[in-house]
Amino acid sequence: MKGKIRVEALDGLRFFAFLMVIMYHYMFASPLSGLLPKELAVRSFFYGDFGVDLFFIISGIVISLSSDGRKPFDFIKSRINRILPTFFIFSVVALIFSISLPMVEFKERAESLIYSLTFFPQAFGHSFFSDVYWTIQKEVTFYIIVSIMMVFGVWESNKRNFCFAWLLLAFANQYVISSSLIEYLFITEYAGHFIVGIAIYNISKDRVNPLDIAIIALGSILIYSRMVGFNQHSQSSFGYSVTNASLLLSCLVLITLSWCAFNIKEVGKHYSTVKFLGAMTYPLYLIHADIGFWSHAIFERLIWNKYPITQSLVGYKTTIVIAVFTSFAVCAIYIKFFDKLVISKFNKIWLILQRSNRK
């Protein structure tokens, strides 16, 4: 793929990945873990967890695109602009919802939030403020790895060789070494996802290189292996699992969807809507789990006790609807009215820093 690369369909695919994740959390994991009545579980939404796998593959494509022909500072700035302001704002939003619940201590939650804002709270002996933040840590680690490669000037010239070496390290750690430190530094469990995305970008940009085919094949094995691990976790935690054949098919479908989305030139007249939904995906992902918990906990701990009649009017199904509506409403308002303003303010901070460095 030469010249300008259009990635309109990736916005839609990113939103689709979020829909997979929210359905998994709201309609599979929550009921089967006891947070909601078990009868609300839709077992086919087991596959929604693979929305995270899809996010990571897409990230490999997008980071390859974002880093192509860019200076390290510009790339790092773009990633910070992309991740940090929204992460901070919606962490605070999640905190506000959290402390509105009875039996939640502000000091404890605020302290957890502060450490999570580093993206690596485990380094300080703390857990994540929100259950979904571990995925953001994986993303940030990937950005750091790419940034280091760019700073040393080896990203563009040795990308394929680096990815192959990274894959070998991932295989060694997943199946032989089992070092938590190596996993922490090189995200070996999810390396295959990012690397497959990078290879998809390379194949679309240039002629097919045999090494790209090998990289996708090896990366696919790691993606499949992650799915097998999740399947075992689901069986032990929820008493539900699927066949390995369906996992393999899921792996191939995710890779195929990513390749197709990246190679679709445009989505037509509806792109403005698709773009808006794509922009909502990141904040939605950040708050959906916390609002999902809040939406039923606020009734269980407060409203149903204080106003018993409401229990016959608002059931658990309604709390799920409330969670979906609240999440989408908050994120739509932010993207529509505040997102560009926040980014522009952040860019002014960069300009001030650049000017101060020149003096």
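Glycine is treated like the rest: Cβ placed from N, Cα and C.
Features of the protein shown, as given by TrEMBL:
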DOMAIN    8-333  domain 'Acyltransferase 3'
TRANSMEM  12-32  transmembrane segment
TRANSMEM  44-63  transmembrane segment
TRANSMEM  83-101  transmembrane segment
TRANSMEM  140-158  transmembrane segment
TRANSMEM  164-187  transmembrane segment
TRANSMEM  208-225  transmembrane segment
TRANSMEM  245-264  transmembrane segment
TRANSMEM  276-299  transmembrane segment
TRANSMEM  319-338  transmembrane segment
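Between the transmembrane segment (276-299) and the transmembrane segment (164-187) there are fewer than 3 Cβ pairs closer than 8 Å, counting only residues 6 or more apart in sequence, so the two stretches are not in contact. Through the fold, the transmembrane segment (44-63) approaches residues 7, 10, 13-14, 16-25, 27-29, 135, 138-139, 142-143, 146, 190, 193-201, 223, 226-227, 230, 234, 240, 242, 250-251, 254-255, 257-258, 261-262, 285 of its own chain, all at least 6 residues removed from its boundaries and within a Cβ separation under 8 Å.
The largest share of C-beta pairs under 8 angstroms with the transmembrane segment (164-187) comes from 208-225, of the ranges 12-32, 140-158, 208-225, 245-264, 319-338. Among 12-32, 140-158, 208-225, 319-338, 208-225 has the largest number of CB pairs under 8 A with the transmembrane segment (245-264). Same-chain residues lying 6+ beyond the ends of the transmembrane segment (208-225) with a Cβ under 8 Å from its Cβ atoms: 53, 57, 160-161, 163-164, 167, 170-171, 174, 189-193, 195-196, 198-200, 202, 247-248, 251-252, 254-255.
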